[in-house]
Amino acid sequence: MSLQSQVSGRLAQLRAAGQLLVSLRPWPGRSAGGPRPRGSACGPLVALGEHGYCAWLSAGVGAWGAAGRGAWVRTWAPLAMAAKVDLSTSTDWKEAKSFLKGLSDKQREEHYFCKDFIKLKKIPTWKETAKGLAVKVEDPKYKKDKQLNEKISLYRGDITKLEVDAIVNAANSSLLGGGGVDGCIHRAAGSLLTDECRTLQNCETGKAKITCGYRLPAKYVIHTVGPIAVGQPTASQAAELRSCYLSSLDLLLEHRLRSVAFPCISTGVFGYPNEEAAEVVLASLREWLEQHKDKVDRLIICVFLEKDEGIYRERLPHYFPVA
């Protein structure tokens, strides 16, 4: 069933509920006890749309009295549960993407694959994290900048649970999912993500492409392909890794997004040494933020391994000094 058909069906159910409850709640634009608008009893519902009608109907529950509240529980609550749109394989990805873009942040929550998602405000900035660390560096690579220290975060955890504007996927060139964080993101977002990725026709190393986040708390997924390093990385591979981050940030600006979380790109099975990768990442993010700090709220370095967390805690003060 298409998304349009699903929503049309929900509206039909809501209209039926409205006919039952119309005597219990004033219509929009009608004072309590005033005459009902002429014409179809459900005419105003069409103009309100599904979410507008939901808000209007819910707002009036307290004014209905015991009888009205009882009718609401028996009739409206089951219909509200039924109004959840299915983001399974039966839905076209284009329709699902359009539908999700029209929702508020609160409305999107019912479509998340998880309930224990992490809001941006719960992720400490580097300025906050560094307070509890011995992070003084004698000769940092860059000057102290309090504003930049509030724009960068180090977070250890599951990137798929972050409620940010975008998360970055360390993808392979096919963009169709794989191992590691790539597979985790595809499983959490659902099959519609793979459906959209099929239309992107691969991605070159160092480049990035963007899709909807679907069932993820993140609104978008930025897919980038890192270099495969065998042994010590070459200058060309370092440039490609840097390009992964900068290309992703270009898309962030292009789509007017303000928060993004990066995984460790090219480390692990792609063979890029963790320490060398961290140097490339931190230099790239620092230099980019110096140019665009007013256009973003947060850049998050999201690590999964304790080893990577230790590397970034040790290297961050060299690029984002706090003392």
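Including glycine, each Cβ sits where the backbone N, Cα and C put it.
As recorded in Swiss-Prot, the features of this protein are as follows:
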BINDING   157-159, 170-172, 177-182, 265-271, F304  substrate binding site
CROSSLNK  K136  SUMO2 cross-link
DOMAIN    139-320  domain 'Macro'
MOD_RES   K94  N6-succinyllysine
MOD_RES   K101  N6-succinyllysine
MOD_RES   K127  N6-succinyllysine
MOD_RES   K161  N6-acetyllysine
Statement: Looking only at the binding-site residues A170, I265, G268, K101 (N6-succinyllysine) has its closest CA neighbour at A170
Query: What is the Cβ neighbour count of G157 (substrate binding site) at a 10 Å cut-off, with all protein chains included?
result: 14
Between the residue listed as 'N6-acetyllysine' and I265 (substrate binding site): CA-CA distance (Å): 18
Query: In DSSP terms, helix, strand or coil for A170 (substrate binding site)?
result: strand
Task: Report the nearest neighbour of A170 (substrate binding site) in space among the recorded positions K94, K127, K136, K161, comparing Cα positions.
output: K161
Task: Identify which of the modified residues K94, K101 has its Cβ surrounded by the largest number of other Cβ atoms within 10 Å, counting every protein chain shown.
output: K94
Message: Averaged over the domain 'Macro' (139-320), what pLDDT does the predicted model reach?
response: 97
- prompt: If you measure from the C-alpha of K94 (N6-succinyllysine), which of the recorded positions K127, K136, G157, K161, G177 fall inside 10 Å?
  reply: none
Message: To the nearest Å, how far is the Cα of the residue listed as 'N6-acetyllysine' from the Cα of G180 (substrate binding site)?
response: 15
Statement: Filtered by Cβ under 8 Å and at least 6 apart in sequence, the residues in the chain of the residue listed as 'SUMO2 cross-link' near it are P317, A323
Message: To see if you understand the setup: which same-chain residues, six or more apart in sequence, place their Cβ under 8 Å from that of G268 (substrate binding site)?
response: G180
Query: In the structure shown, which of the binding-site residues G177, G180, G271 has the fewest Cβ neighbours within 10 Å?
result: G271
- prompt: Distance between G157 (substrate binding site) and K127 (N6-succinyllysine) at the Cα atoms, whole Å?
  reply: 19
